[in-house]
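Written out below as structure tokens is the structure these notes cover.
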Amino acid sequence: MAFNPPVIRAFSQPAFTYVFKFPYPQWKEKEWLLHALLAHGTEQSMIQLRNCAPHPDEDIIRDDLLISLEDRHFGAVLCKAVYMATTTLMSHKQRNMFPRCDIIVQSELGEKNLHCHIIVGGEGLSKRNAKSSCAQFYGLILAEIIQRCKSLLATRPFEPEEADIFHTLKKAEREAWGGVTGGNMQILQYRDRRGDLHAQTVDPLRFFKNYLLPKNRCISSYSKPDVCTSPDNWFILAEKTYSHTLINGLPLPEHYRKNYHATLDNEVIPGPQTMAYGGRGPWEHLPEVGDQRLAASSVSTTYKPNKKEKLMLNLLDKCKELNLLVYEDLVANCPELLLMLEGQPGGARLIEQVLGMHHINVCSNFTALTYLFHLHPVTSLDSDNKALQLLLIQGYNPLAVGHALCCVLNKQFGKQNTVCFYGPASTGKTNMAKAIVQGIRLYGCVNHLNKGFVFNDCRQRLVVWWEECLMHQDWVEPAKCILGGTECRIDVKHRDSVLLTQTPVIISTNHDIYAVVGGNSVSHVHAAPLKERVIQLNFMKQLPQTFGEITATEIAALLQWCFNEYDCTLTGFKQKWNLDKIPNSFPLGVLCPTHSQDFTLHENGYCTDCGGYLPHSADNSMYTDRASETSTGDITPSDLGDSDGEDTEPETSQVDYCPPKKRRLTAPASPPNSPASSVSTITFFNTWHAQPRDEDELREYERQASLLQKKRESRKRGEEETLADNSSQEQEPQPDPTQWGERLGFISSGTPNQPPIVLHCFEDLRPSDEDEGEYIGEKRQ
């Protein structure tokens, strides 16, 4: 027979009540998994309890099952875990291994949630820390539950569905230690006149007697209360149920519950005999409530902000509307509002707080890339873009670099969270880095001079700019976390350390950032982990002094084009540029044939594959045609009318000239600067070097392409006819020597052994030296 706990007659103060919800919403559909995880060995008993008869019918099996499951079912195990976690919390509060406190825990199977009610009282808890302790309390409870789940691993490994519940608990525990409860740990609260919520103390014994005790027992969602509760302990008006109850670590048996309730009601918590005023009896001469008091009670308690708070709200709205990020922006755009706020007590501090709130709002809603597009919404990538020109001069594919920058600024490039522009002076590295960060505007800088607080300016920023980066042993460890995008805590001047979330980093330097300097020694121990976190672009070519600065609009145009054309993720970057691994040194660009990186002649636009400039058609139409052939697919330059399409006639007639067997059949191409080529091919490709922008341009492009296609077909037919004529000429029989002689002007004399008659046009021809040599030693006729 179970031990009956003594009736609790005093409860430690102050007392608070908590509610813990089991962080697995589908617990009712998979309750059998909870039996296996928390109460291993009770699965068969729970199945048998489903088929038992309800009270008052006699059922020996039912009574035996209820006795055996008294404190072994999963509700009892959950109740014990919560009690142990509560004891641990109070020991932390009182700094004592054996805290002096009172604890009541009751587990219940609700309609939606599996939850536990906790009443705890004692020194160490107060209105100030009871509410803030919810996350810590939640983490301690989950740790106790996980520890009981691990006991199952001693007998067998987890099933897949059991492992799913276990990992859900582990994830919730990690979030709890980060201060996130997800609404699964709540405390009874009240709202004050200002609308703030505070922890509410309770009368623990009355709360226990009136709310927790009058409930019927139900230890499984498959069974019913009339199966688990005997008729002698049935609460008639109770609609809710409970699973298990612990009072200071001792279980409250089901058969003793009604007795316990009666003892509390009669001996411990008697009702008031007299009213609290005047010694009147109950319901005698109650005070009348006047109209004014009724009117006052119906007045709305909505909080009204004062003048200072209204000014702060207006300034915050202005910052969101006009994208104001620094104090100078406030002075330029809303000086009147700024002056009114400066006139308030502590106005400068209030302005800093408003700007800090706006920075937090921007960092939570935008990434560096999306905020850049938010500030520069409509931009087009032109061929005279200086960012495009600079990357081409340094030997890189500007489209590939833009793709990588989009991934890094959008926090989609994995562990490589940093872009480093390395090179000597006057190569454009600072020009490029400055254009990126000034386009984003909300950026922080690293200060080497303030050695104790190097990253003081990096919190609540979209991007970090590390100009002339130098790695020192004092800050190399936090630098590795920041360069890799790992969350870490940084020291801030005159404040506690703050959490720095993942923030992209832009570096421009001419130092070796992989060599760590410390004192009079240089170490390369950190070189490998630093290289895994950095993408380095080497700028080695010096720029002319007239190159100019890259504007924020130009860098935004390049990144916006890449963001619209490519999949800006790590996987998309690897697939687009055929890379198995992103190296530390960014790969150089490979230009298409005939495409140039010389930005002097850039009117024809840029190639969408290599980023190089298309060459000038006026300089060499042959290369333009070849480049166009690679970019236009099936339409070739010969098909678009580069040649005249006319067959050239031979200089001699068919009688006077016999064509060779291997004669060139195609008509010679027109010269590079011919009018026909300039009108057809070059004009077409100069007009359509980019995609049509709307439906009208698309229809015009299709019309011109169809005309050029028809011209190609007509030219093909002419070439086929020429080929047929030449084939017929080759099939004619070759003339014999006599016929050749007649064609050359020799006529046979008709008299035997007489030389032929030579026409007058050949009479003046003198024999050559070779002919003279043929008659040496012979008598000439």
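Each Cβ is built from the backbone N, Cα and C atoms, and glycine gets one as well.
Going by what Swiss-Prot states, the divalent metal cation site holds His115, His117, and the candidate of Glu108, Glu123 recorded there is Glu108. Between the binding-site residues Ser426, Thr430, Thr430 has the most other Cβ atoms inside 10 Å of its own Cβ, all protein chains included. With a cut-off of 8 Å between Cβ atoms, the residues of this chain six or more beyond the motif 'RCR-3' (211-215) that come close are 104, 106, 108, 117, 119, 235, 237-238, 240-242, 245, 257, 260-261, 264.
Each residue in the motif 'RCR-3' (211-215) gets a DSSP state, and the totals come to 2 helix, 0 strand, 3 coil. In the predicted model, the region 'Ori-binding' (193-197) has a mean pLDDT of 85. Nearest neighbour of Pro424 (ATP binding site) by Cα distance, taken over the recorded positions Glu108, His115, His117, Tyr211: His115.
Listed in sequence order, the residues of the same chain lying 6 or more apart from Gly423 (ATP binding site) and placing their CB within less than 8 Å of its CB are Gln394, Lys429, Asn510, Asn538, Phe539, Met540. Closest to His115 (divalent metal cation binding site) in space, going by CA atoms and restricting to the binding-site residues Ala425, Ser426, Thr427, Thr430, is Thr430. Over all protein chains present, the Cβ of Ala425 (ATP binding site) has 8 other Cβ atoms lying within 10 Å.
Of Glu108, His117, Tyr211, all annotated as recorded positions, the residue with the shortest Cα distance to Ser426 (ATP binding site) is His117. For the pair formed by Thr427 (ATP binding site) and His117 (divalent metal cation binding site), distance between Cα atoms is given as 68 Å, rounded to the nearest Å.
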